[in-house]
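Novice: Pulled from TrEMBL, these are the listed features:
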TRANSMEM  12-32  transmembrane segment
TRANSMEM  60-81  transmembrane segment
TRANSMEM  93-117  transmembrane segment
TRANSMEM  137-159  transmembrane segment
TRANSMEM  166-189  transmembrane segment
TRANSMEM  195-216  transmembrane segment
Amino acid sequence: MKTLLLSPGQVRFAGLCYLIIILCGVGSEVALRGPLIDLSSADGTAQAILAQMMRFRMSIMVDVLMALADVTLAILLFWMFRPVSAGLALTAMIFRLLQAGLIAAGLLNLQAAVLLLQSGTIDDRSDLVLTFIAMHAYGYDLGLIFFGINCLLTGALIVQSGFVPRVLGIGIALSGVVYLSGSVLRFVAPDLHGIIVPAYGVPLVAETAFCLWLLFTRRSGSTATS
């Protein structure tokens, strides 16, 4: 028998943290920041950000909230899967925390872009602004390398746990493969990165499914069989 160290309420809180991560991650990039950025036009990007500076700033704060939720979830999942394998759960937590730290630190690149736009004319600084935005994107992909490893480990923990559906573990592990492949291509062969973009639907589905399981599972016992 394996003892679950999280109460049902704590499991649901982990699901809430995961939901915050998904909504903030998609919202900040797709709804807030993404429409303002055109990597083929430095001047156009600078003008768009200046015209909607509060929106751009909000995207940074939404990502901060995502990172905070990620740190919290990393700790909760460690306690959840510690009975399965303490060493594996600890390693998974470390890789997830590294990812959160890298993504949070990368937000300084976006803040640097804001400071540049506020301290000079667009013509003088738009290229540098776009460089900082690109640096943020690369920093995000660097973080996803660590998150990809976390997903592989978490997938293994789920499969071994006996109290989370195995199919979710397989999905999370496949998500890790997608994240690792996409990030490696971003650094090694950026021209080929577009090939794997459709595969990011796998993590979206798998992580959403795991999130929903955490939120709505009715498992109330403190023990689970192997």
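Glycine too: its Cβ is placed from the backbone N, Cα and C atoms.
Bear in mind that TrEMBL entries carry predicted annotations, made automatically and left uncurated.
From a predicted model like this one, the values you see are computed outputs, not experimental measurements.
Describe the structural context of each listed feature in the structure shown, including burial, neighbouring residues and relevant distances.
Specialist: Long-range Cβ contacts of the transmembrane segment (93-117) within its own chain (Cβ-Cβ under 8 Å, at least 6 residues beyond either end) map to 33, 46, 49-50, 53, 56-57, 59-60, 63-64, 66-67, 70-71, 73-75, 77-78, 125, 128-129, 132-133, 135-136, 139-140, 142-144, 146-147, 149-150, 153.
Through the fold, the transmembrane segment (137-159) approaches residues 77, 81, 84-85, 88-89, 91-92, 95-96, 98-103, 105-106, 109, 165-166, 168-180, 182-184, 186-187, 203, 210 of its own chain, all at least 6 residues removed from its boundaries and within a Cβ separation under 8 Å.
Residues 11-12, 14-16, 18-19, 22, 151, 158, 164-165, 168, 171-172, 174-175, 178-179, 181-182, 185 of the same chain lie 6+ residues outside the transmembrane segment (195-216) yet bring a C-beta within less than 8 angstroms of a C-beta in it.
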Novice: Cβ under 8 Å, sequence separation of at least 6 from the ends of the transmembrane segment (60-81): give me the contacting residues as numbers and ranges.
Specialist: 4-6, 10-11, 13-14, 17-18, 20-21, 24-25, 27-28, 32, 88-90, 92-93, 96-97, 99-101, 103-104, 107, 110-111, 114, 154, 157-158, 161
